[in-house]
Structure formats: C-alpha cells, structure tokens
Amino acid sequence: MAQISLTFPDGKAREFPAGITPAEVAASISTSLGKKAISASVDGRHYDLQWPIETDAKIAIHTMADEAQALELIRHDLAHIMARAVQELWPDVKVTIGPVVANGWYYDFDREETFTPEDLGAIEKRMKEIINAREAVKTELWERARAIAYYEERGEPFKVELVQAIPEDQSIRMYWHGGWQDLCRGPHLQHTGQVPADAFKLMSVAGAYWRGDSANKQLQRIYGVAFKTRDELKAYLHMLEEAAKRDHRKLGREMELFHLQEEAPGMVFWHPNGWQIYRTLEDYMRGRLRQAGYKEIRTPQVVDRKLWEASGHWEAYKENMFIVEVEEEHAKEKRINALKPMNCPCHVQVYNQGLKSYRDLPLRLAEFGSCHRYESSGSMHGLMRVRGFVQDDAHIFCTEDQIESECAAFIELLSSVYKDLGFDSFEIKLSTRPEVRIGSDEAWDKVETALENAIRKVGAAYEIDPGEGAFYGPKLDFKLTDAIGRKWQCGTFQVDPNLPTRLGAEYIGEDGAKHRPYMLHRAILGSFERFIGILIENYAGKLPFWLAPRQVVVASIVSDADPYVAEVVAALRARGVRAEADTRNEKINYKVREHSVGKVPVILAIGMQEVEARSVSVRRLGETRTESMGLDQVVDQLAADARIPG
C-alpha cells in the first residue's frame, strides 16, 4: 500500500498508509486523543474525521478545546438535528438549506402552517432526545443520479434542485444519523451526543425566499443559537436582553433623534437632536483628520457610468447601484449615471488633476462622502443597515516605501479616536493574499510585511485571516468591542495598486520616470449612520457630555425663578454649552423624569433659594443625589466638559 507523509503542528512528520482517516491518525497518537478528537485541519481545510487523506499533507487534530472548530461543528450538527426533528414531528415538511451563521444557525422549511412558539418548544424537546440517543454520524460520496433519484423518491424538490446545481466534476456528499439523511459538504461531529444538549436554544421564525429570490416560494426560517456550555448560552441570552434595552431604534424615538419611513426606505430622517449628534461627530472627525495631515475634498454624488466602467465597479457592483437615466438635450441616447456607492474612483479624479511628484506623496484626501447602495428590504435595520449613508472616507496616495509608516500612523489615529469615543479595546485582522490575485508574490510579500511591521510598531495585537484579502491587495479590519461585549467591524485599511492603474494615476519619481502610486483606502467609523447607532447602544443613550445633543436643561421650580433660568441658559450658551430652559408650569419631579427619559446628561433645578444665592442645584443623569454649585463654577465646569476632544 502506498504511504503518505503527514506533518504535525510541531513540525514532526510521520508515515501513514494512503487513505488513512484523521480519526485513525488521532487514535494512533493516543487513545485519549482518539476519544477527544472532533475534526482535523488538513492543509488548512477543515476536515471530517471520517474523510480519507490520500496525499502528503500538514495535519492538526481538533478537540472541543479548539473554540472556532468546535462551535462550527456544534452549530452545523444542530442545523441537521433540527431539520430531522422537524420532519419527524411533521413528515410533510420539505427541507432546503441550513448554514452556520454568527452565534448559531438557521434552516429553511417549506410548510403550509406557520411555526408557532409552541412548535419551537416541541422541536427543541425532540432535538434533545436525538442528541441524548448518541447516534453515529455517517457519511458517503454518491453518484449524482443516485442522489437525484433518492430525493425525487422522497418528494424533496429543493434538494433535487441543489444536487442539479452542483458542478458535474464535484462529488456529492451525504450525511446521516439514525434514519435521517441530508446533502452536505461537512464536516460534522462523530455522533449526536457530542453536541451539548443544554447549550442551544431556538430563537425565532422568519420568512425567507428560496435562494433569496422574491420570485421564488416563500419559506419559513427557524433561527437557533448554540455555544459550548450552558453558562455561555445564558450569558448570550442576557446580552440579548441588554441589547433589547439599548436598541437604538427604541432610544432614537425616546430621544427624538431620527426616524425612517416607507416613502424613503433605508434613508434617514434626522431630527434636530440626532442631527446635532451627527454634526458634533463630524466636527470631531474633521479636527482629527486635519491634525493628521489630511486634506478634505468634496466629490459629486451622481457620476456617469463611464467612470464606473473604467474603475471596474459597473461590472462588479451594478446590481447594488441606484441608476439615474437622463435625457440630455440634443443627445442621441439617454445618459446613464449612478449615485456613487463608494468614493474611491472620484478621489482618483481629484488626484489626477495636475502633475504629481514623489515630493507630493503621501497625499491624504478625505471626504465625508455621501453614498447610496441598494440593500434588500429584509436586510435593512435602523441605522445599522441603510441605503443612503455617509462614510468617513479617505484615500492615501503613496509610494510602496511609505505604506508601512502610513499604516502605523493610521492605526494610532484610529486607536485614539476609538478611545475618545469610549471604546478602549479593538481587534485587528490581517487578510492576506487569495489564491486568485494580481501582482507578483514578491509584491505581495512586501505589502503584507509592511502591514505586519506597522501593527508591531504600534504594539497592537492581531490575527491573520489567510486568503481573505482582495484580489489586488491585503487589508486590515478593525473590530471594536462595546459595553455588552458585542464586536463591531468599523475600521478598514486596504492596500490597492489596482485602481490607480485602471484610472491612470501617476507621479514622477525621483528618477524622473512615471510611476503608479499605491492607493490606501481607509475608514475609522465606517459610516456615520451605523457608528451613531453603535454609540447609542454602547452608551444606552447616555452619550458623553460633549456628544449629547441636549447637554443641559435648566428647569424652574417656581415661575418667579424664570428670569434667572434665562440668565443661566444664556451664560451656558455663551460658553458653547447646548442648554435650554424648561419653565413649563409642571412639577420639578415631572420635568426631571421627562428629561431623564430623553437622556439629558445634566439638569439644573432652580428655585428661589438658588435665585437668591446665584447658584444652581445640579442633578446628573443616572444619579439621585443633587449638588449645589455657584453659577460661575458650574458654567466653567460644563463648558470644559462640552469641549470636543482633540
């Protein structure tokens, strides 16, 4: 029998018979590893323990201690277990697909009756029975005709369609436990008992179209979440409760920040309070960019398709563009324009105006660019996913030798901005060269090394996401962590030698010859709309004083105090504090409750005692005690608190 060489993570290699499975490899190392093993990585591919290995390879055996692999398998197996439970409870239900998603999985079903909360409880109960039965998971490769015949015989039209869509040169893998079988690429655990029975929960039912196409049949999608332990599940469910309390859509109504309506789907109607947050954040970012050497520009929102064709976006992104057709005077045909979905091609046009020298580089062009992208109605979510948004976008034109220093400076800027906004921790992911790419390996080596050196230079931790870079260059993604532990990908840094080439960007080098600059795409917030949504939820509406739309309400206790209330408001406004008066004929406790719901950080209560002493009674949001302060003292303190950082 032919032999193959398998190399382990410690660099040691061993000879094995060709066709050996990872399960057999694990057992050959130790009996305990054979029992603990759940899957393997073979040449970087997540591999089922039952799959044979036919050639030399690098191998790593995974156990439940390997978080990423364990969760993927648990959630994937639960998708199959749930589908089986549904069909055992309601045999007429047709199954479709059930992928792993963030924190869990979903499965789409074709059923005439709507799934109810009681149905979800019954499904969960049956799932736990399947898990506790500890049935072996088996897999086989089938011929296409056999798979089609199998599903046609069982009346599963969606599975027939899936099999028919698989390229003829690809094998068709089947998995089953008990008597229930499903089409699946795998991998899976080795028996149902490896799934924690107390660490999952079915969450909700939603409508979904087959293959995401509204022209197709509408299905029912059941979502579930799963973790390795019961405590992790409880922590996640608690986080969801907290997230519901912090929902920016609910707080947006209470604080009178914004609204959305069906006449302009995915477009934000900013109210005065919300627009104040937006403008303050924009002023802050403008100041930080100015300090960092960026030059602010403004480019058109409606741009002819010719530019999008030249940049390559028309071919790759047309379906997500808003197209505007115009009948130009004396023109033979309509002019086709698009609302810009991104700013980068327009920034190259600004760069291309006038001859550039190496002495002009790096050139940092920033824009608070208004963009529009078509998002399906089902994917939109408050401020978090919209069709019209503004990016804190910038592009750095530089030489290859300047990439490292520009990247390091950007990471330091991003870190400082996040801290100012209340986010002390973030993660960096470096996405490296994909299999299909342009450029030489030498060029990729240089830019990937430049990014890694930049990260190390600023002392940041990072992880590598192999093969997930764009076809033209590597990128960094920055994920911040909010107050309840959720991670949000906001910042990006993308190296791009491609767009300058497509759009003819050049500079005269020190050698007197023409060269192509590198273009570095970068953003810190991502979009203002989404980031404001994140801020609202992170702070549960209790924004930092400098960012709060209504910073101070000066409330009268008696009407005789109204003139002094007006004086206090005027003194605060003169020092840049956003202050307003509340002299309504209402009790002070009513006013305090109302403004607390509106998340006003500071309420100054004024009665005749304060008038006579020229003082104020200070109540801060979330506190029950009050503090008496002199007028000059409180104005100085609040004016200092109101200053925009940086």
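Keep in mind that glycine also has a Cβ here, set from the backbone N, Cα and C atoms.
Taken from Swiss-Prot, the feature Zn(2+) binding site applies to Cys344, His395, His521, supported by sequence analysis. Per Swiss-Prot, the feature domain 'TGS' maps to 1-63. The region 'Catalytic' annotation in Swiss-Prot covers 247-544.
The DSSP breakdown of the domain 'TGS' (1-63) into helical (H, G, I), extended (E, B) and coil residues amounts to 14 helix, 25 strand, 24 coil.
DSSP assigns His521 (Zn(2+) binding site) to a strand segment in the three-state reduction. Comparing the binding-site residues His395, His521 by how many other C-beta atoms lie within 10 angstroms of each C-beta, the top residue is His395. According to its DSSP assignment, His395 (Zn(2+) binding site) is in a strand. Those residues of the chain, other than Cys344, His395, His521, with a C-beta within 8 angstroms of the mean position of the Zn(2+) site C-beta atoms are Met342, Asn343, His347, Asp393, Ala394, Gln494, Asp496, Leu499, Met519, Leu520, Arg522. Cys344 (Zn(2+) binding site) has a Cβ environment of 19 other Cβ atoms inside 10 Å. In the three-state DSSP reading, Cys344 (Zn(2+) binding site) counts as helix.
For the domain 'TGS' (1-63), the predicted model reports an average pLDDT of 94.
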